[in-house]
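Colleague: For A:478-489, the entry in TrEMBL reads compositional bias 'Low complexity'. TrEMBL lists A:519-528 with the feature compositional bias 'Basic and acidic residues'. As annotated by TrEMBL, region 'Disordered' applies to A:447-528. Summarising the annotation, TrEMBL assigns transmembrane segment to A:21-44, A:50-70, A:77-95, A:115-131, A:140-157, A:169-197, A:218-237, A:243-259, A:264-283, A:344-366, A:386-407, A:419-438.
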Amino acid sequence: MTSPSSTVEPRQRRPLRIAEVFLLILALGGGIGGFAMVGLSIRGELPDQFWFRSMLLAATALVAHIVLRLRAPWADQVILPAVVLLNGIGLSMIWRLEISDATGMAPADAAGNMQATLLGAIVAFALLWVLKDHRWLRRYTYTAMVVGLVLIALPLIPGLGQEINGARIWISVGGFSLQPAEFAKIAFAVFFAGYLVTNRDTLALAGPKIFGLQLPRLRDLGPILLIWAASLAVLILQRDLGTSLLFFGLFVAMLYQATARSSWIVLGLTLFAAGALAAARLFPHVGARIDVWLHPFDAEYYDREVGGSYQLVQGQFSMANGGLFGTGWGEGRPFQIPYAFSDFIYAALGEELGLTGLAAVVLTYLLIVQRGLKSALSVRDGFGKLLAGGLAFAMALQVFVVIGGITRIIPLTGLTLPFMAQGGSSLLANWIVIALLLRISDSARRPSDLPVRGQVSAGAPAPESEPILVGPSGADGGTPADGTPAAGSNLPRRRVVDRDPHGAPGDAAPTEHIGTDVPPEHRGGESR
Amino acid sequence: MSELTFTLLRLGYLVLLWVFVLSAVAVLRRDLALRSPRSRKRADDGGAPVAAPAPAASSPAPARSSGPHKLVVTAGPLTGTTLPLSTSSILIGRAPSCTLVLDDDYSSSRHARIFPQGDQWYVEDLGSTNGTFIGDQQVTSPIPLAPGVGVQIGRSVVELQG
């Protein structure tokens, strides 16, 4: 008998990420094409530094792709192109508003936003390079809570915090203004994931049952009530409805993910409705938002100097002007909307790309969120599940709150559209979210060394594979004991098997041996 | 730039956005297809995730030329799953540490074992709740298993094939 050389191939080949390359080319075409069309339409020529800026965006995408190939080869292939497309469209629109020379568009700064994009991408992919396993973050569960609370408290510190348009959510450090709440979002997601994965059973099972709803015990609620109080404090002290809504939604969604108890949703929605109602009565600026939402076209609200519906109505007119197919890049008048480059970039896009373009943009967000939730479903550790689910949900909620506000589905609140709106903090924070989602999706899709239920074990068999000896004269290795057919002959089908086990010392031992040799890494894995 | 060129560019841009979205959806669809049981079976046949048979010279091994080469699940929830045989024994059950992890409520966590000795393969019941059967006969002690003979484990039937 020849002895063939061992050809063990325990791992699947690393994916080549061809789909990502293809989608990235399309995404860059979208971003750069928009940029070129703005220049051609408004100035009749390609924008200055067109090739430089385009190549910078393409180089960013290429570097990101190479980092993914090296460090997270199994990561999802749709997320990065979707983000590049959204970011490219956002930059084109900001530049389009910047060169429109309208007075309200003076703060639009495409070059600055391009720098923020580069910084965000660099930070995100450096994080992806360094962070080999997302479970590493679980060690910093309570650190993350403290960091999150400090971050949302920062704007309240006199001298550091800045109040802009009635909301106190910015801090200025060395000439840069930052929105720390964007980063607090990530810290809270890490905290909730780490805390809930440890405590979800007590939260889900212990506690009284009222009206068929399983309520948790009060003492299990401590840290959670702390965060709830913090999100209310944001609402009251910083007067920022959007951030408060985002934190609260993240918090309820992650509780629901962890415990699968619908009582959390009922409880959360009730608490939020109560809070929002109280806020609308108590704080005039919140009440004004609701009036503006319900009656934007009333002259009284439209003409109001502060907190009027002018911006909202201009956004509606813009989108109406865009119609089904839009006016085309550079042909509309989106610069008439106040803050079209940040809060209302969605309405500006609606004018120039039309409903068709907006639907594509919303679907692109949906793709990112779906990939995040899919990673949450397929990743094998509970912490990763909760973190990916929480981050994906936070992005979905943020997009819903912004677009819902602009299209008058819900009252307008001040959140930024991820990757599109101008704002360095938002870009940086959302790029970090993407890095975390990519890291988790890599871990979710990486072929497992452990056999999954219903699948064949990968890799070499466990050491239990030592053959046992059958029969008393096991040393010769070839001949079974008397009473069985001769070795090597085919066993007739349906043959009666009645081998007498007497005097076979090797019979009992192997079974026991098997029972104890579970490799340690197979034990104690999280099953959910 | 003429009006016509611009309109074409404008609509072309929207087409580009939708081509992106639809291509991404196509990538997702391919992803779903990869995870369906049918293609999983194909992947197993291809042998990518499993160790290829590699008998070491020192250990007793079944003759490669004549003996069975694979273990096939012929009935039950995992019908169609195959597993190449090597010199090591195959542990069958519901526990994740088994070589063949059955998704079968009627099998025990460590149900049975199929192992080579000399030129023969043997099947042994590991004290399972519902028993291991060859035909109508319960396997009470290790007995030789010939290729083509079905072994009933819970609702699943496995057999060796050449």
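Even glycines carry a Cβ here, placed using N, Cα and C.
A quick note: this is a predicted structure, and the numbers were derived from the prediction, not measured.
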Colleague: Between the transmembrane segment (A:419-438) and the transmembrane segment (A:140-157), are there three or more C-beta pairs closer than 8 Å, counting only pairs 6 or more apart along the chain?
Modeller: no
Colleague: To the transmembrane segment (A:344-366), which of A:21-44, A:77-95, A:169-197, A:243-259 is linked by the most Cβ pairs under 8 Å?
Modeller: A:77-95
Colleague: Six or more residues out from either end of the transmembrane segment (A:243-259), which same-chain residues have a Cβ under 8 Å from its Cβ atoms?
Modeller: 152, 169, 181, 184-185, 188-189, 192-193, 196-197, 200, 203-204, 224, 227-228, 230-232, 234-235, 265, 267-269, 272, 376, 385-386, 389-390, 393-394, 397-398, 401, 413-415
Colleague: Six or more residues beyond either end and a Cβ under 8 Å away: which residues meet both conditions relative to the transmembrane segment (A:140-157)?
Modeller: 168-171, 180-181, 183-184, 187-188, 190-191, 193-195, 198, 223, 226-227, 230, 233-234, 237-238, 243, 247
Colleague: What parts of the chain pack near the transmembrane segment (A:169-197), using Cβ distances under 8 Å and only residues at least 6 beyond its ends?
Modeller: 137-138, 140-142, 144-145, 147-149, 151-152, 154-155, 157, 160-163, 203, 223-224, 227, 234, 238, 240, 243, 246-247, 250-251, 254-255, 257-259, 382-384, 386-387, 390-391, 394, 414, 416, 423-426, 428-430, 432-433, 436, 526
Colleague: Should anything in the same chain at least six residues away from the transmembrane segment (A:386-407) have a Cβ under 8 Å from its Cβ atoms, list it; otherwise answer none.
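Modeller: That would be 134, 137, 185-186, 189-190, 192-193, 196-197, 242, 245-246, 249-250, 253-254, 257-258, 312, 315, 319, 343-344, 346-347, 362, 365, 368-369, 371-373, 375-376, 379, 413, 415-418, 421, 430, 433, 436-437, 440-441, 444.
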